[in-house]
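Below is one structure; the comments refer to it alone.
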């Protein structure tokens, strides 16, 4: 199975599927459609039915039930796109039999346990890394490879009882648009799981409440030599705004259940400047308070500098899926039992981020998140353990079987 996983993953990783905020098309990039078409053909070749890809790039397929029991339909999902933070073009995956120490990625870059201490725990594993020039795309092509391999395994092992299984691969998850055009009714599952987590055993059914903010500043540009009492520097107004947010409530200073404000980008000149933020908090009231604080700062600056000099736009992105999953704890219990049967110690904790499941849970499809085996996502030091990918495959298989066993 390991070689199948390696072959699938490296094949998918080589397709450039980075999404982009700059596009309003669905999906936002052609590469996602390219990978979707590849998966459609592979799903058909495996023997799945009802294989579709719609105009928006959503791929869906069915593995039919092999039992006469009335088993609820379950789903497994992963996303097609890779992150925007680092290039995903010309990905060249490297396979290593890791025996400890540093890994030479190439181009002068080294993956070292001195910088990434968790690497030492992977001694004896088969690892896939980058060549140092791109991200790897294990987020979330590891999840795609695991779902595909699990479906193949179930087809080849008809003695493993399971109900109807739906799989889906979604575009634009990394920019928060994954579920925007996802047809929950057409998918037809009672509940689902995303394969979009990190290290072995990770299981998550709590996510941030999330919003985006755009703050605009309007200045007056004049020649700096004759600017006295005339120039209004919009960049300085932007700095003034940012300085009023709590400095210690940023990603680099927070962990666990702590929320934050994150300045994603700053652009502009003396005439006009713009700040782009994301706002995150697990608690719904604290989330509301954070948004209110940003609005209050903008309002105070309006009062100080004049109307029309500062504007703010806030947009909610997704909410904490715990509110939708906790009432159906059997979804969690089945996944944890599936891991424990493999000797995996489940590591249940919050996602300091979001998945497609965050939004899908609010669209009527409760969807917690399962590990894929990857580390250091979104950069050149990203890697994934093939050994732990294989365990993720068996978690999928066990979930399908346990749901069938629990049915009458």
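Including glycine, each Cβ sits where the backbone N, Cα and C put it.
Keep in mind it's a predicted model, so treat the numbers as computed, not measured.
Features as listed in Swiss-Prot:
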- 81: active site (ACT_SITE)
- 173: active site, proton acceptor (ACT_SITE)
- 79, 139, 196: Zn(2+) 1 binding site (BINDING)
- 139, 174, 378: Zn(2+) 2 binding site (BINDING)
Name the secondary structure element type, per DSSP in three states, that contains residue 81 (active site). coil
What is the separation, in Å, between the Cα atoms of residue 196 (Zn(2+) 1 binding site) and residue 81 (active site)? 12
Please report the distance from the Cα of residue 173 (active site, proton acceptor) to the Cα of residue 139 (Zn(2+) 1 binding site), rounded to the nearest angstrom. 10
In three-state terms from DSSP, label residue 196 (Zn(2+) 1 binding site) for me. coil
Distance check, please: Cα of the residue listed as 'active site' against Cα of residue 174 (Zn(2+) 2 binding site), rounded to an integer number of angstrom. 7
Tell me, how many other CB atoms lie within 10 A of the CB of residue 173 (active site, proton acceptor), whichever protein chain they belong to? 28
Whole-number Å distance separating the Cα atoms of residue 174 (Zn(2+) 2 binding site) and residue 79 (Zn(2+) 1 binding site) is 8
Listed in sequence order, the residues of the same chain lying six or more positions from residue 378 (Zn(2+) 2 binding site) whose CB sits under 8 Å from its CB are 83, 85, 86, 135, 139
Does DSSP put residue 378 (Zn(2+) 2 binding site) in a helix, in a strand, or in coil? coil
